[in-house]
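Database features (TrEMBL):
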- B:36-54: transmembrane segment (TRANSMEM)
- B:74-100: transmembrane segment (TRANSMEM)
- B:112-129: transmembrane segment (TRANSMEM)
- B:130-429: domain 'NADH:quinone oxidoreductase/Mrp antiporter transmembrane' (DOMAIN)
- B:135-153: transmembrane segment (TRANSMEM)
- B:165-186: transmembrane segment (TRANSMEM)
- B:206-224: transmembrane segment (TRANSMEM)
- B:279-299: transmembrane segment (TRANSMEM)
- B:306-325: transmembrane segment (TRANSMEM)
- B:337-358: transmembrane segment (TRANSMEM)
- B:379-402: transmembrane segment (TRANSMEM)
- B:414-434: transmembrane segment (TRANSMEM)
- B:448-520: region 'Disordered' (REGION)
- B:481-490: compositional bias 'Basic and acidic residues' (COMPBIAS)
- B:527-548: transmembrane segment (TRANSMEM)
Amino acid sequence: MIDLLASRYTYVLMFVLLGIGIYMAIASENLVKKLIGVNLFQTAIFLFFVSMAYIDADGASAPIVPHHGEPGEVMVASPLPQVIVLTAIVVGIALTAVGLALIIRIYSEYGTLREDTLREVRADE
Amino acid sequence: MNSSLVDLLPPLLIVAPILAATLPIALGLRFDRTGWSVAAITTGALFAAAGYLASAVHAGGRVTHTLGGYPRTYGIQLVADQFSILIVLLVTGVATGVLAYTRRGGPRGNTFYTAYLLLVGGLLGISLTGDVFNLFVFLEISSLATYALVASGDGPESAVAALKYLILGTVAASMYLIGVAFVFMATGTLNMVELAEAIPNAERQTLIQAGFAFIVVGFATKVAQWPLHTWQPSAYEQAPDGATPLIAALVSTASAYAFGRLIVTVFEVDYLASMPRAASIVLTVGCVSVLAGTVLAVIQREVKRMLAYSSVSQFGLVIAAYGVVIAGGSETAFTGAAIHLVGHGILKAGLFLSAAIVATSYGARTVDEYAGLAKRRPVVAGAMAVLLFALVGVPPAVGFVGKWYIALGAVEAELWPVAAVIFLSTMLTLAYAARLLEKMYFTPAAGAASARGHGPSTVATDGGEQSDGERGSDGGDESAAEGREDRASDDGAVETPLAAGVSYDPTGGPGRDGPGRSPDPVSSGMVAVVVVAALVAVALGFAGGAFADFLEPFLTEVFN
């Protein structure tokens, strides 16, 4: 068990981050913090992908062409998850941008960033 | 048939709308209103291309394109087969129809059409991709465009609805991504065909089971299944009237398609049937949504909200059909799910378009305000009645055929509760459809006077320049009824504002039709789109057997 934790500590870290992110997204009343929570949630998944690339290759180096050594000698991590995470990061940035734009609109219309206040303001109208 | 051209069609179908999406903004710097023309040319061409691709698929089977020539083990493949081409046809067809509506119905503006084309591109990507990670990217592209479309509605409420949708939609897509990560971890590939071979032979089965669980949660949110549907009613309600039909007809449909694709092509039915509790979870989610969605729809007052909750239940039927497919390996239920996806898309597009027409011309948004609609707009009311009956599942409309196949599959698989749920939901669907029909046809329009002051486009008439025998709003109810009867005869022609207070500003839009004549907010083209939707819904009902024949090669392949 301890061995497993020691060798796979990145996974544990990812799921702690995942939990913090989803908790923020649900529990925080502040809209910006909610969005940060969603971001954290996504980032944890990205990190999960990155660390997963090293799964069967303990001690593997980053997937770049090595300066020295013959091909086949150096153990590298799988480049595929790392490449696709790049795309996912781009998507995440676009989502954050759209979300922030919506929050700006809500703030300029209702004058608040808090969800509970927003609920009261909307109920009054 | 030139095979190299057909091979190029799948990537073109995705790339063309996304590239064209830049044009309205770029051209908008020089010209005022190019957005609609660009969108019309693009979606029209896409529809034609989809038809050509469909005929090629029908004649020669699956069409694949390997992007960049990279092998599918780590490259991306685009696949058009019988199942995906149905959704491609639905997406391009509905997009073209809704576009015809927005010509006069709005919303206008170049940025709207940019989002519109992006959405179409993303949805076509979802339909055609053969790669589970690529599916995530296209899900997010189409979601991003949808958030923008929802937020473009009038008033600040739409921004709140869009933000809610954004947070839930992002978490849902991330859940799917976790599932993909788990499956990738166990198998080392992302291609759907490769995954289908690798999944049963994988060493770490727990990872795959966890992955499937995450994927189910992700899609249950994206498809708006109870209790994860909460984003959907407010998003549909707050989106602009011209955008809701597109969103309601296509966005969740594409997600539901993707879920079905993962079930039959990636995980495969035999494997899922052996997975503990997979079938019962999918079945339960679907059946509960069917009942919860219809019950919630029955208690709604707003028409758009009612239709939104109705989507929750209709997609519940599709998910329940997937459950039957997993539990019983039923080809019939799968055919039913495919028909219901297409049929529901057309029905919801037609219904939301009718609701948009009514809202544009009278500002009527609640069920009560629909009173007497059949007198004032017989054509729209008639089309709406046909679409509502089709939604309930009255033969021969398409809503019946889908339900019939699903119920038949459930009975064949001896899943009697599912058949009972379908029957019960039909009754409840009738409850909310009948309420609207009763208002439209049997409640006198005088009741509409109580609707005074509703709706954002409501402007009290000032009795000003009205040259065609119309009076101002200061008249009593009797004369109002009189004026209404005058107009009952000329539906589709110049429609003058309803005198009972809920009306279009007669002095608005100066110059287009000349002074002194109130511009008709509803063109005959807009009405024609709704009528076509109703006709297609009925015509497709007769094509149930053709659907089954068309899907036959796909079904024999995935069900062995």
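Even glycines carry a Cβ here, placed using N, Cα and C.
Residues 10, 13-18, 20-22, 24-25, 35-36, 38-39, 42-43, 46, 76-80, 84, 87-88, 91-92, 95, 99, 102, 135, 137-146, 148-149, 152, 240, 243, 246-247, 250-251, 254-255, 257-258 of the same chain lie 6+ residues outside the transmembrane segment (B:112-129) yet bring a C-beta within less than 8 angstroms of a C-beta in it. A contact links the transmembrane segment (B:414-434) to the transmembrane segment (B:379-402), because at least 3 Cβ pairs that are 6 or more residues apart lie under 8 A. Same-chain residues lying 6 or more positions outside the transmembrane segment (B:527-548) and placing a CB less than 8 Å from one of its CB atoms are 86, 97-98, 100-101, 335, 338-339, 342-343, 346-347, 349-350, 353-354, 357, 377, 379-380, 382-384, 386-387, 390, 395-401, 404-405, 491-492. Outside the transmembrane segment (B:36-54), and at least 6 residues removed from its termini, the chain residues within Cβ reach (under 8 Å) are 6, 9-10, 12-13, 16-17, 20, 23-24, 27, 63, 80, 85, 88-89, 91-93, 95-96, 99-100, 102-103, 108, 113, 116-117, 120, 124.
Listed by sequence, the residues of this chain that lie at least six past the ends of the transmembrane segment (B:306-325) yet keep a Cβ under 8 A from its Cβ atoms are 220, 223-226, 229, 232-233, 235-237, 248, 252, 256, 259-260, 263-264, 269, 279-280, 282-294, 296-297, 300, 333-334, 336-337, 340-341, 344, 348, 351-352, 355, 367, 391, 402-403, 406, 409-410, 413, 415, 418, 421-422, 425, 428-429, 432, 436. The stretches the transmembrane segment (B:135-153) and the transmembrane segment (B:74-100) are not in mutual contact, being linked by fewer than three Cβ pairs under 8 Å (pairs 6 or more apart in sequence). Long-range contacts of the transmembrane segment (B:74-100) within its own chain (CB-CB distance under 8 A, at least 6 residues past either end) are made by residues 9-11, 13-14, 36, 39-40, 43-44, 46-47, 49-51, 53-54, 57-58, 61-68, 116, 120, 123-124, 126-131, 134, 189-193, 242, 245-246, 249-250, 253-254, 257, 260-261, 264, 338, 341-342, 345-346, 349, 353, 525-526, 528-529, 532-533, 547, 550-554.
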